[in-house]
Structures are given as C-alpha cells and as structure tokens.
Amino acid sequence: MQSDAPRNPPRHVAIVMDGNGRWATARGLPRPAGHQAGVETVRRIVEAAPGLGVETLTLYAFSSDNWRRPTAEVAALMLLLRRFVRAETGRLAEAGARLTMLGRRDRLPGGLAEAIAAAEQATAHGTRLHLRVALDYSARDAILDAARRAAALPALTRDVFARLLSGGDHAAEPAPDVDLLIRTGGEQRLSDFLLWECAYAELLFVPRLWPDFSAADLSDAVAWYAARERRFGGVGAGAPQPAPPPATPVPSAA
Ligand code: IPE
Ligand code: IPE
Ligand code: MG
C-alpha cells in the first residue's frame with residue numbers, strides 16, 4: 001500500500017469542521033447547501049486519513065449548542081447526516097474503518113439514531129481507522145456525565161476517566177488523547193469540543209472553509225504536526241517550530 005505518512009504522524013486528529021454556512025452564503029446559496037458540500041469534504045478526509053498515518057479521526061459534526069440554529073437548518077443537517085451515515089456504512093466497513101458516535105443520542109431524530117447504531121454495528125471490526133463522529137456533543141456535558149459515572153467507581157485515575165469520556169465503561173478502550181486539532185473557517189476557539197482530550201494537542205487554525213478543505217490540506221497539516229516539537233511540560237531540544245502550512249490554492253473555487 002502506498003502511503004504518504006510522515007515519520008511522526010498524529011495518531012489522533014480531531015477536526016472542528018467550520019465554515020459551511022459562510023461558504024454557501026458567499027455563493028448566494030442557502031446555508032444547507034454549504035452543509036451538503038461539507039459532506040463531500042468529510043468523504044475526502046476520511047478516505048485520506050489512514051494513508052497519512054492517522055489512526056483515530058474525531059469530527060465535530062453538530063454541537064449541543066447548534067440546536068440554537070433555525071429549525072429548518074437543523075432539520076436539513078439531520079437529514080444530511082442520516083443520508084451520509086446510511087450511504088457510507090458499507091464503504092466504511094469495506095475500508096476497514098470503525099465508526100462510533102460521541103454525544104447525546106436521545107435528542108436525535110429516530111432515523112438518524114438508528115442509522116448510527118446500524119453503522120456502529122456494521123463497522124465494529126474495522127481496525128484501519130477509528131472514525132468518531134461528535135453529534136449533539138458538548139465537552140462540558142461529556143465531562144459532567146463521566147464524572148457522574150466515575151462517582152460510582154472505587155478508584156479514579158486519568159486513564160479511567162478517559163475511558164468514561166470515550167463513551168465506554170471504565171474498562172473500555174479509551175480513544176488516545178488528541179495529537180492534532182484542526183479548525184477550519186478561521187475562528188480560533190474550541191466551541192466546547194474535546195476539552196479534556198486536547199490537553200496537549202497541537203492546535204492548527206486554518207482560514208479555509210470546510211467545503212474547500214482538501215486531502216492536500218490534511219496532508220500539509222499532518223506534515224506541520226510531524227515537524228513540531230512537543231514538550232509536555234519538559235524542556236525539549238528547543239528547535240525552531242515550523243510555521244503553519246501556507247494556504248494552497250482552493251482546487252474547485254466557484
Ligand atoms: C459548521 O459550519 C457546521 C456545523 C456547525 C454543523 P457552520 O454552519 O458553523 O458555518 P459558518 O461558521 O456559519 O460559516
Ligand atoms: C462548532 O462550530 C461546531 C461544529 C463545527 C459542529 P460553530 O460554528 O457552532 O461554533 P461557534 O458558534 O462559531 O463557536
Ligand atoms: Mg460556524
């Protein structure tokens with residue numbers, strides 16, 4: 001298998017997929033058209049990630065605060081998500097990807113919750129990529145929920161807490177800490193995403209809007225990460241840190 005993976009790839013990449021609305025508005029289109037275009041980006045990025053050495057990819061698809069959006073936009077998003085999960089389940093299973101969902105399931109439309117449960121089951125044995133989709137997700141709520149469950153345990157460690165945060169029980173396999181967090185769309189904030197898991201993540205804020213984000217952009221981000229010196233509170237070699245990747249031309253600018 002051909003691989004572009006650098007020597008020191010991020011094992012866990014998390015992405016705040018932001019900028020769909022602005023992408024659509026700039027084209028005189030309704031905001032859901034941006035979400036539709038964003039779905040195509042998800043396909044590209046999921047396909048490209050394993051070849052770059054990424055083992056876990058967590059995508060922020062809908063925050064618990066996104067319920068504040070107009071009903072029509074939320075409905076369009078839920079429909080797109082359901083279609084995406086249904087359409088991609090077979091392909092993900094064939095590609096050896098395992099899909100799991102992070103976040104609250106009880107407020108999702110029934111059809112979407114069912115599609116996700118079916119996809120989780122159908123892809124349960126995938127080992128090439130762990131694709132985690134954060135839906136109706138709030139990091140602060142996830143921490144509260146894990147804390148409540150932790151209260152029943154005799155002993156609590158960081159590792160046990162991380163397992164609870166990953167959605168499993170205290171004995172489940174936790175997702176590793178986030179190595180690289182990418183936010184598209186230019187905003188430099190976390191918007192309640194993976195607050196615990198990003199404790200030492202390298203943060204990359206890219207101006208490109210999510211529908212324009214390409215596999216080459218992901219590859220640039222991974223190469224940028226690989227050249228960084230992570231110190232985890234220590235001293236390190238003090239080598240100069242690489243500059244963020246320059247924006248490559250948008251491949252399909254309309
Ligand atoms: C991100 O794009 C997708 C979701 C939050 C679901 P936005 O819809 O936030 O796009 P902008 O930030 O308004 O451009
Ligand atoms: C964060 O984007 C949530 C997702 C990308 C799903 P938002 O567009 O909701 O974040 P804010 O409101 O700009 O902080
Ligand atoms: Mg946004």
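Cβ atoms here come from the backbone N, Cα and C positions, even for glycine.
Annotation source TrEMBL lists active site at ASP18. Taken from TrEMBL, the feature Mg(2+) binding site covers ASP18, GLU202. For 19-23, ARG31, HIS35, 63-65, TRP67, ARG69, ARG183, 189-191, the entry in TrEMBL reads substrate binding site. Look at TrEMBL and you will find ASN66 tagged as active site, proton acceptor. Sequence annotations record features per position, and here TrEMBL assigns region 'Disordered' to 235-254. Residues or ranges marked as compositional bias 'Pro residues' in TrEMBL: 241-254.
The region 'Disordered' (235-254): residue composition by secondary structure is 0 helix, 0 strand, 20 coil, according to DSSP. With a cut-off of 6 Å between Cβ and the nearest atom of ligand 3, the recorded positions TRP23, HIS35, SER64, ASN66, TRP67, ARG183 reduce to an empty set.
Cα-Cα distance from HIS35 (substrate binding site) to the residue listed as 'active site': 10 Å (rounded to the nearest whole number).
Sorted by the number of other CB atoms within 10 A, the recorded positions SER64, ASN66 start with ASN66, the lowest. Of all the recorded positions in the list SER64, ASN66, TRP67, ARG183, LEU190, the shortest Cα-Cα distance to ASP18 (active site) is found for ARG183. A helical conformation is recorded for SER64 (substrate binding site) in the three-state DSSP classification.
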